[in-house]
């Protein structure tokens, strides 16, 4: 499996992902990776329906992604991995999927979170998770849309004392 883009966006498949990011990453499949969503048949069905016609969409658990990633049947598939949070990214990496770069597109506000830029709100645990990813030399590219200038998550966290 060739990973064209790994993105954190808790909205998952939406207009920007379905059109702009798919073309930018030149992928033929979007894989939503989240245990909770993978066990929610309604959300799975809706996510598959909103994917553009030219792209296949799958919704899988982390364990299923590991199995699929290691299956030779999919070795030439170019995919976008979509996550809702940094913890799932960390688990995927710990289970052996190499990710050199993560695009962080949007993590919504919830009580107790701090605004780090216009589209991302983090709590201390999420900030610490991003720091652990950065320690592994993973690029943390914060961009909502392709045309946005890249921002470095570590600089944003330092600015907010997170």
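Using the three backbone atoms N, Cα and C, a Cβ is placed for every residue, glycine included.
Unlike curated entries, TrEMBL annotations are predicted automatically.
Under the heading active site, pros-phosphohistidine intermediate, TrEMBL lists 14. The Cβ of residue 14 (active site, pros-phosphohistidine intermediate) has 50 as same-chain neighbours under 8 Å, each 6 or more residues away in sequence.
Marked as domain 'PTS EIIB type-4' by TrEMBL: 1-162.
Residues or ranges marked as phosphohistidine in TrEMBL: 14. In the three-state DSSP scheme, residue 14 (active site, pros-phosphohistidine intermediate) falls into the coil class.
Per TrEMBL, N6-acetyllysine is recorded for 73. For the recorded site, residue 73 (N6-acetyllysine), the DSSP three-state label reads helix.
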Reported mean pLDDT - the domain 'PTS EIIB type-4' (1-162): 94
Neighbouring C-beta atoms (10 Å sphere around the C-beta of residue 73 (N6-acetyllysine)): 8
